[in-house]
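Feature annotation from TrEMBL assigns active site, proton acceptor to D656. Sequence annotations record features per position, and here TrEMBL assigns ATP binding site to I540, G541, R542, G543, N544, F545, G546, E547, V548, K563. Taken from TrEMBL, the feature compositional bias 'Basic and acidic residues' covers 128-141. What TrEMBL lists as domain 'F-BAR' is 1-233. Annotation source TrEMBL lists domain 'Protein kinase' at 534-788. Among the features that TrEMBL reports, region 'Disordered' is placed at 114-141.
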Amino acid sequence: MGFSSDLWCSQGHSVLLRLQDSELRLMEMMKKWMTNRIKSDREYSVLLHQMFSQPVSVIYRIVKKHSEDVNSGPINKLTLLIRDKQQLKKMYSEQWQSLNFDFIKTEMDKIRSHYRQQAKDTSSAKRKYQDASRDKDRDKTRDKYIKTTMKMHQLHNQYVLAVRSAELHHQSHYRQALPGLLDSLQELHEEMVYILKEILQEYHEITSLVQEEVLSVHKEITEAIEAIDPRKEYESFIEQNRSVAEVPPLVTFDTSLLDEVDNLQPGELQLNELTLESMQHSLTATDEELESLRDTIDSRQATIRQISTEIAAEERSAGCRSRYVNTALKKCALEESRQQMHVLLCTKGKLEAQRVLLARKLKDLGNKEPPPAIQLDEDGYSISSIEKEKESKALSLETLKSHISGIFRPKFTLPPLVPIIPAVQKPLCQQDWYHGAIPRLETQQLLVSEGDFLVRESQNKGEYVLSVMSAGQCRHFIIQHTDNQYRFDGESFPTIPLLIESLLKTGQPVTKKTGAILVKPVNKDKWALDHDEVILGDRIGRGNFGEVFSGRMKNDNTPVAVKMCRESLPSDQKNKFLMEARILKQYSHPNIVKLIGVCTQKQPIYIVMELVEGGDFLTFLRNEAKRLRTKDLIKMSEHAAAGMAYLESKHCIHRDLAARNCLVTEKHILKISDFGMSREEEDGVYSSTGGMKQIPVKWTAPEALNYGRFTTESDIWSYGILLWETFSLGGTPYPMMTNQQTREEVEQGYRLDAPESCPEEVHNIMMRCWDYNPKKRPTFSSIYQELLEIRKRWK
């Protein structure tokens, strides 16, 4: 019999809350009559002292001492117990709500509804395709059928993963998380009953006078207190309020959804040419989440060990009675940390299960081509090409193009230099440890070690909160603001940064009552910038997502390029806008354009990058043609090869390598830029499902044009075209040919001739880059070494 086995349902939660309320009222009443007792004893002792002579003063001293002992002993301990009881109730209520919210918060109904509708759409598209007679109608219905089938298969995979996640969440909720919460609640309740028993015994011993008329009453009180058994205290309560509901059924795949769909199996992921990309992305995202989650679990385990050690040490050193009072609050914190660990382990289990499904499917595919999603009547007609021609506007990721390259010009002005301000004198919004209006729950996830702290904006307008990890729990202190001064218990300061700086340097507690001490600030994401940290200059270009400005960082006057996203764009387009920043966050190389940061705290969103003042490589080649030596061109080609070799090592496929997408510094250092079309793939293969209208045909490898499969080898083909652009000093490849003519000529074996003054060894590299068989093309690292040797030999 216990809370976890008999009070697990929502009705049990309600009666547990009522139980805690009634126990709190009872303890408040006990405190009240204890307080009244010592008040009357004090008045009685004073009257004795005033009315009687010396012999009676002994009684006066005894009564006075008893009242003082009750005040410093039982009443003080009862006050602490009431506080801990209130904290336990709050903690239990929040954790139960959090667990219950996580359990019922599901996208299953929404996904099922979308699945059913998409199945109908796919079935309808299939019938229209089969019924179409005219060629024009048949082409149109075929494209519609392919598009709806791709959406159907992707939605099917999403549903399979969601069902698996819900299964594991259900098991974790009812087998681990909820029983763990209720067991810990019962254990802490019983512990507090024991503490209350000790308090009552101590009160009884202090106030037990030996008068004959009250002896029998004291005897009854003694027997009643001795009869208290913490382990049996809640048996009758549990018996009266036992849960009678059934555990909700386990989530399973709704097979009725498949009635109108072909070739989909319940619980089985669908891997084909339409879903390969999304599954690879899902696997990468799952791996990243698991890596982050493991770090959080390690930190939480360290916190649990630390609190357990502190509790054990206090129990060894404290007296029999006082040890329970002293450790009760820490035991609450320990159980809260354990519950958080249950939630983290449940999340980890769900992610690992989804990863197994994804990884197994992709591993089974190996290096083979993904199977076609639909068997069409026509032979030799590329599904990828159809998609590319019909979905260019909706799905193309080319929309990030021209964010950096092709929009910078050598001539523009920068904002004037600004004085550099010490960190402590900077405004609150520019402090690394200020996180803005982040949710309270997110704060608790960020603070993991003793002394971790941050400052955030309160939900109450104009207020700020200092959040600190202290004694195993996250404490939140509202920063007092009066007479233009900020303070807690101690000295006042004119700004919050100065207040925090003082607490850090002196090691003084935030408040004497809590003893919370600041040890280590938890900083914002190093890439997160505040809009006020960037000074905008001239507009230097325009892209598909918005405008690009020159600028300067206020803290150190670094020149930057600021890409500003239009506020009117939908959220999915803004996510695509941020794709380039997410990729560049991971890279650091002298031949890759550098990300400075991202401003997302308010609209419009900025991507802030280093300003390469020499402009784009294509314009540079055309403007500086007369002054460039062959050796200079070889060296800049080396730079491009070095940057691409670095990307190759990171499994990054650029997809749009060209002179227009490279930048040149004033010292003639070339940097790869424009990562708007880039992708990171573990297997080095990216299957495009976007449109072909914006694909740079003259720079793109045949296999990418024909099958929509981009690889490092297709980037090497593009690098060969970049070499040709370099040594032709900005010429246009395949002059006098249209894109279609270029495709046909390349398929028949035509390759560009060597530009005038191009070294033969360099043209040999170009020709190897343009080998029709991707596997026979050289690697970027070998190209870099060859160019290095050519430049050393060049006079």
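Note that Cβ sites are derived from N, Cα and C of the backbone, with glycine treated the same way.
Of all the binding-site residues given, namely I540, V548, the one with the smallest number of surrounding CB atoms inside 10 A is I540.
DSSP labels the residues of the compositional bias 'Basic and acidic residues' (128-141) in these numbers: 11 helix, 0 strand, 3 coil.
Around the Cβ of D656 (active site, proton acceptor), a 10 Å sphere holds 25 further Cβ atoms from the protein chains shown.
All chains included, 13 other C-beta atoms sit within 10 angstroms of the C-beta of R542 (ATP binding site). As a whole-number mean, the pLDDT of the domain 'F-BAR' (1-233) in this prediction is 80. When secondary structure is read from DSSP and collapsed to three states, D656 (active site, proton acceptor) falls in the coil class. Taking the Cα atom of each, G546 (ATP binding site) and D656 (active site, proton acceptor) are about 20 angstrom apart. Taking the C-alpha positions, the distance from R542 (ATP binding site) to the residue listed as 'active site, proton acceptor' comes to 18 Å. In the three-state DSSP reading, R542 (ATP binding site) counts as strand. A sphere of 10 angstroms centred on the C-beta of G546 (ATP binding site) encloses 20 other C-beta atoms.
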